[in-house]
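Participant: Supplied in structure tokens, the structure appears directly below.
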Amino acid sequence: MSKLKMIAGGMLALTLLAGCGQAQSGQQSPAQQRTVTVLAAASLTESFDELGKRFTAEHPDVAVQFDYQGSSTLAEQIKQGRPADVFASADDKNMFKVADLVSPPQSFATNRLTIVVPPGNPAHVTSLADLADKKLVVCAPQVPCGAATQQVAAAARVGLRPVSEENDVKQVLQKVVAGEADAGLVYVTDAKAAGDRVQSIDFPEAPRAVNNYPIATLADSQQAQLANEFVSYVRGPAGREVLGAHGFDVP
């Protein structure tokens, strides 16, 4: 065999081997990843982040994309046609606003308010009544935590004069953590998530404004089956375990 033929034969063999390698690589390529988009109340941030990790660990081909904002903001975005798969609200009122755009909502948790103050409680807050003359930050009235704030204030017959009304509960918490307020009214779950960055002060009027958390699949979801699976996961044993650990009351 001539040297030229040997070289040509070797090149052909390498080409065939390369072709085989490409075919095997193609056969082993992972399935295309699916994504479920979840619009959730800001107070669900820590618990849903953990649930998302658990859900994707059990569904390796799935990614869960979260957007956490005030429930009223998310409801308005859904009404304007924002594409998504799941909506989890911090109250029934904002879920009702999109009732014709979602599946029948299902409750999965409840939450209540607490007072948070900077470490050491420099303003010496001990009750809801003490907030009447303090530098107070609360949620805006259209936000679930803001509506709950109005309810507990009415129950306690306390006139609150907040220096700031925020669009979601995380913004309230952040202002207290930053030392920009003497106190704030947030959910017990947010106080728990903040750890030693704040002190929490419970008050007897809190049970007068317990918020129910509903969850639903959007009617125009492009991943309806996957969205339903996530909703079931939130309402199932794993969801109850995680939500309970983060301070929510669960059914």
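Cβ coordinates come from backbone N, Cα and C, glycine included.
Source: prediction; values computed, not measured.
So TrEMBL says this about it:
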type: SIGNAL; residues: 1-23; note: signal peptide
type: BINDING; residues: Ser43, Ser71, Val169, Tyr187; note: molybdate binding site
Participant: Just checking a number: largest C-alpha distance across Ser43, Ser71, Val169, Tyr187 for the molybdate site, rounded to a whole Å.
Facilitator: 14
Participant: Might you list, by sequence position, any residue in that chain lying six or more from Ser71 (molybdate binding site) with a Cβ less than 8 Å away from its Cβ?
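Facilitator: In sequence order, the residues whose Cβ lies under 8 Å from that of Ser71 (molybdate binding site) (at least 6 apart) are Ala41, Ser89, Ala90, Asp91, Asn94, Met95, Val143, Pro144.
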Participant: Only counting partners 6 or more residues apart, tell me which same-chain residues put their Cβ under 8 Å from the Cβ of Val169 (molybdate binding site).
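Facilitator: Residues satisfying the criterion: Ala42, Ser43, Gly70, Ala90, Cys139, Val143, Cys145, Val186, Tyr187, Asp190.
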Participant: For Ser71 (molybdate binding site), which of the three DSSP-derived states applies: helix, strand, or coil?
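Facilitator: Note: Ser71 (molybdate binding site) is helical by DSSP.
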Participant: Quick one, of the binding-site residues Ser43, Tyr187, which Cβ has the fewest other Cβ within 10 Å?
Facilitator: Tyr187
Participant: In the same chain, outside Ser43, Ser71, Val169, Tyr187, whose C-beta lies within 8 angstroms of the Cβ mean position for the molybdate site?
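Facilitator: Once Ser43, Ser71, Val169, Tyr187 are set aside, the remaining close residues are Ala41, Ala42, Leu44, Gly70, Ala90, Asn111, Cys139, Val143, Pro144, Cys145, Asp168, Lys170, Val186, Thr189, Asp190, Asn211.
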